[in-house]
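Visitor: Would you mind keeping the following structure in view while I ask a few things?
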Amino acid sequence: WEFNGSFYQPSAFLMMGIPGLEAIHPWISIPFCALYLTALLGNCMILFIIRKTQSLHEPMFYFLAMLAVTDLGLALCTLPTTLGLFWFNVRRIGFDACLTQMYFIHILSFIESSVLLAMAFDRFIAISHPLRHPSILTKTTVLKIGLAIVLRGMVSLLPIPFLLKRLTYCGKIELSHSFCFHPDIMNLACADIKVNVFYGMVILLSTVGMDFIFIVLSYIFIIRTVISLATKEECLKALNTCVSHICAVLVFFIPMIGLSMIHRFGKDVPPLVNTLVAYTYLIIPPALNPVIYSIKSTHIREALFRALRRKSG
């Protein structure tokens, strides 16, 4: 412990694995390894295919590349501490290292939310205004959207580590997960955390919350446009281009909202439920997104088959 008058700050936190299953952590690490491997290889494959296939150099796939980069970052943020704990029982993480990991986890989560909103906007323009789509979403516009997404995440979350460093900590130093999460660290403080709670809620609602609302609105407008189409075949064709994105939205937002609610209001929720929701939120989307897009996107699938044929030939 570092002591300075009445101010206490731990030099490190202790991470937790899966409550009650500590004895079989090495076995539990097997599915986690499979998920991490899928996330790393799958997202790298998506990026490679988009880069090498000229026909995929359009807004929809630029946003998909942003999503893949974000998913890679999320997987790499939690991989060292999670597998370190499962394999070698390394539970200790330095205070500053924990704040750094937390900052990047939250930034990447906010970026993923914003990229999913940008993809919803792209689908809305492509379906509602197909002739104007190339002129509205030019390469320059997509680049500006990408920069705005990154800057929004970095700037909005910049105060969070400093708000945590000002707190006095005492008693428990055990985190609920094998990674650092803002509400989890905040709840270990024995000081007044009203500012942290208020700022965290405001930022969450004004970024991720607004993103989700605008995604829902985009699909309301898309459905209205699709209903007005002449034939059933055209309706199904238009909606089919949105299936992958809808799956990605559900896979990301449902566990994220669940974890946020558990940390803030679920005092009586069993630790095992809390842990499973957290891992679902941070590990499942990076692993599933490339699988979803490889299965549902004809362009990605065909480009992948062409690349495999070239390598085998």
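Every residue gets a Cβ built from N, Cα and C, even glycine.
TrEMBL entries are annotated by machine, without manual review.
Annotations per TrEMBL:
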- 42-293: domain 'G-protein coupled receptors family 1 profile' (DOMAIN)
- 24-49: transmembrane segment (TRANSMEM)
- 61-88: transmembrane segment (TRANSMEM)
- 100-121: transmembrane segment (TRANSMEM)
- 142-164: transmembrane segment (TRANSMEM)
- 197-222: transmembrane segment (TRANSMEM)
- 243-264: transmembrane segment (TRANSMEM)
- 276-295: transmembrane segment (TRANSMEM)
Visitor: Looking at 24-49, 61-88, 197-222, 276-295, which one has the highest count of Cβ pairs under 8 angstroms to the transmembrane segment (100-121)?
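Guide: Answer, by Cβ pair count: 61-88.
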Visitor: Grab the pLDDT values for the domain 'G-protein coupled receptors family 1 profile' (42-293) and give me their mean, rounded.
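Guide: Within the domain 'G-protein coupled receptors family 1 profile' (42-293), the model's average pLDDT equals 92.
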Visitor: Rank 24-49, 61-88, 142-164 by Cβ pairs under 8 Å to the transmembrane segment (276-295) and hand me the top one.
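Guide: Comparing 24-49, 61-88, 142-164: 24-49 has the most Cβ pairs near the transmembrane segment (276-295).
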Visitor: Which bits of the chain, at least 6 residues beyond where the transmembrane segment (24-49) starts or stops, bring a Cβ under 8 A of a Cβ in it?
Guide: 17-18, 56, 64-65, 68-69, 71-72, 75-76, 79, 82-83, 85-87, 89, 279, 283-284, 286-287, 289-291, 293-294, 300, 303-304, 307
